[in-house]
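J.: The structure follows.
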Amino acid sequence: MSKYADDLALALELAELADSITLDRFEASDLEVSSKPDMTPVSDADLATEEALREKIATARPADSILGEEFGGDVEFSGRQWIIDPIDGTKNYVRGVPVWATLIALLDNGKPVAGVISAPALARRWWASEGAGAWRTFNGSSPRKLSVSQVSKLDDASLSFSSLSGWAERDLRDQFVSLTDTTWRLRGYGDFFSYCLVAEGAVDIAAEPEVSLWDLAPLSILVTEAGGKFTSLAGVDGPHGGDAVATNGILHDETLDRLK
């Protein structure tokens, strides 16, 4: 049993709570949407979900700190810290696209040790904890243990991404397009879904040039517990780099080389 089994159990309870809010407000005619200072959208469901999760964590783990997308928090990454993205994929959420999820992770001295990704509109939930593997349920089915693919050549690989604009802003558009031209298949599954599909072995590479910690924390442990590799573009393990590359491990070094 994982050292963090009780924390994972709490994270799964948090996911249930989140689903009860987000799914109820999805496609609601009275959904309230506003713009944050960075001009990205935030809905009343984002705010209500993070508030509810913070309240439950504060009751269950009063000594733990919390960092969330909507209400901020401690960024020192010492001790035990919960990381929350109430709705990853808010732009999808507010347009009625079902590809969105609540992301919940526990960091121990900055390292993700437990994580849950819950996508109720897709009837899917993924989770992982240190040393206990990566798992997924679909439509309430029995949990299935996940393993990354064994694809060993880029020209046989499937790659998923979110957008091209970020690569251009990093002056890496040409390198990224060259990488995609090399791969067998390119799809824009986007956001959390790309990384979950890497963990499932359905996709071999996922990459983003600009992304926040709360977008990545549970995804990094999901991919690594499934046997994959998760780093920044600079090759640093974990979700703290501000960008991300996840692969089945076999393709990782070559992928990073192509993106330099």
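Every residue number used here counts from 1 along the chain in the order it is shown.
Note that Cβ sites are derived from N, Cα and C of the backbone, with glycine treated the same way.
Pulled from Swiss-Prot, these are the listed features:
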type: BINDING; residues: E69, I87, D88, G89, T90, R187, D215; note: substrate binding site
type: BINDING; residues: E69, D85, I87; note: Mg(2+) 1 binding site
type: BINDING; residues: D85, D88, D215; note: Mg(2+) 2 binding site
J.: Validating a neighbour-count step here. Other CB atoms within 10 A of the CB of D85 (Mg(2+) 1 binding site): how many?
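T.: D85 (Mg(2+) 1 binding site): 29 neighbouring Cβ atoms within 10 Å.
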J.: Any same-chain residues 6+ apart from R187 (substrate binding site) with CB under 8 Å of its CB? Would you list them in sequence order, or say none?
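T.: Result: S158, L159, S160, V203.
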J.: E69 (substrate binding site) to D85 (Mg(2+) 1 binding site): how many Å between their Cα atoms?
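T.: Counting only the Cα atoms, the answer is 5 Å.
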J.: Count the Cβ atoms, other than its own, that fall within 10 Å of the Cβ of D88 (substrate binding site), considering every protein chain shown.
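T.: Its Cβ has 27 other Cβ atoms within 10 Å.
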